[in-house]
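Everything below concerns the one structure shown next.
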Amino acid sequence: MTSSLPCYAKKATADDVRAFLDHFLLGCVVCECIRYYRFIRTDKNLIVFIVVTSVACTLGHTVELMVWLSDIFVWSYGSFVSFAEGRYLHSYLLVDSICTVLVQTFYIDRAYRLHRHWWPLALLGPITILAFASGVVIAQLMAYKLTMLDPSLISLPRVQVAAYISNALSIVADAGITFAIVYGLHKNKTGWKHTDSHLKGLIIVCFEAQIPALFVAILTTIFWTTKVEIAILCLLVHTKVYCTGLLITLNFRSKPGSTTSVQSYSHRSHDLSGSHELSDIGSKGLGVMIQMETETASHQVPVYSKRSKVMGCDAEHASTYSTTTHHSRAESDHRFAQQEYGSEWDSTAALYHLPRDEEKGQAFSG
């Protein structure tokens with residue numbers, strides 16, 4: 001009994017580390033939930049259901065872990081048997097499988113809407129369903145004979161096969177989702193600076209949301225038979241990593257109903273009044289839906305304005321400059337012309353091409 005005390009001490013230290021990581025990631029989830037609150041009324045019911053259920057699973061995991069630690073250090077204090085109870089791990093695996101399949105369903109739906117094609121559903125859907133089914137099977141197998149965290153149970157052939165199948169399918173599903181979304185965003189690049197910059201940000205967010213979950217699944221597969229303590233640690237943070245990535249992806253939008261709001265300008269070559277078209281382009285979800293709202297602001301130079309006198313010409317001459325400017329730039333301008341000329345955009349096109357000194361002299365002499 002004395003020789004086994006260091007092992008129990010190490011086990012207690014490992015439980016403390018797991019509890020710290022669990023509470024730390026729970027704080028990240030709570031912060032992202034507060035940020036997501038503004039999108040609840042504008043998001044679809046399916047997305048809100050996935051978010052609420054995932055957060056509930058995450059909170060359930062934390063509550064279960066606190067009950068587990070209370071059982072160890074309060075209710076069953078002095079009994080080292082409570083360190084090795086497996087009933088908590090069984091329910092933990094079930095809740096983890098539910099949360100994982102919900103988050104993966106959200107990403108598959110985003111990939112389907114991004115590509116506007118059925119192939120993400122056909123390829124990734126069955127893999128996700130099989131991963132969920134294998135996770136439930138391994139939880140039931142462990143619950144059938146698991147009363148203690150005995151390493152010999154982990155080494156049983158059927159448990160190993162179910163564990164490797166579940167982890168392998170999760171890895172394939174996460175990698176496939178990441179590839180499908182990144183490929184879809186990269187394919188939709190337009191060549192305009194503002195749009196491509198936003199798509200680049202979405203690609204980075206996709207990697208930030210998916211790579212940690214993929215990394216945790218790989219570690220769980222590696223240490224399942226060699227170091228079960230590390231595998232259990234990965235399982236404890238698995239749900240919170242998925243939920244945090246989901247909320248970060250949804251909170252990337254700058255305002256409810258869209259992912260970002262990019263203001264861009266375009267010349268209208270047929271308009272002689274110096275008007276410009278202001279477009280508000282927003283993408284919903286992962287850049288899937290493109291919504292455009294246009295507002296036209298027309299600015300004309302008054303006939304007897306001081307600006308006309310300073311330029312040395314009357315209103316008709318100013319209108320001629322505006323027309324020449326529009327026609328000379330009609331072929332090169334586009335709706336993202338703001339990034340070419342900078343943010344200081346003047347509504348009067350004649351100010352961009354002031355008359356030369358010689359023309360000014362002629363205008364004043366005339």
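Along the chain as shown, residues are numbered 1 onward.
A Cβ is built for glycine as well, from the same backbone N, Cα and C atoms used for every other residue.
As annotated by TrEMBL, transmembrane segment applies to 46-69, 89-108, 120-141, 161-182, 202-224, 230-250. TrEMBL lists 170-254 with the feature domain 'DUF6534'.
Helix, strand and coil residue tallies for the domain 'DUF6534' (170-254), in that order: 72 helix, 0 strand, 13 coil [DSSP]. For the transmembrane segment (46-69), the residues of the chain that approach it from at least six positions outside its boundaries are 15, 18-19, 22-23, 26, 29, 33, 36, 40, 85, 88, 91-92, 95-96, 98-99, 102-103, 105-106, 109, 236, 239-240, 242-243, 246-247, 250, judged by C-beta separation under 8 angstroms. Listed by sequence, the residues of this chain that lie at least six past the ends of the transmembrane segment (120-141) yet keep a Cβ under 8 A from its Cβ atoms are 90, 93-94, 96-98, 100-101, 104-105, 108, 111-112, 158-159, 162-163, 165-166, 169-170, 172-173, 176-177, 180. Here the domain 'DUF6534' (170-254) has a mean pLDDT of 82 out of 100.
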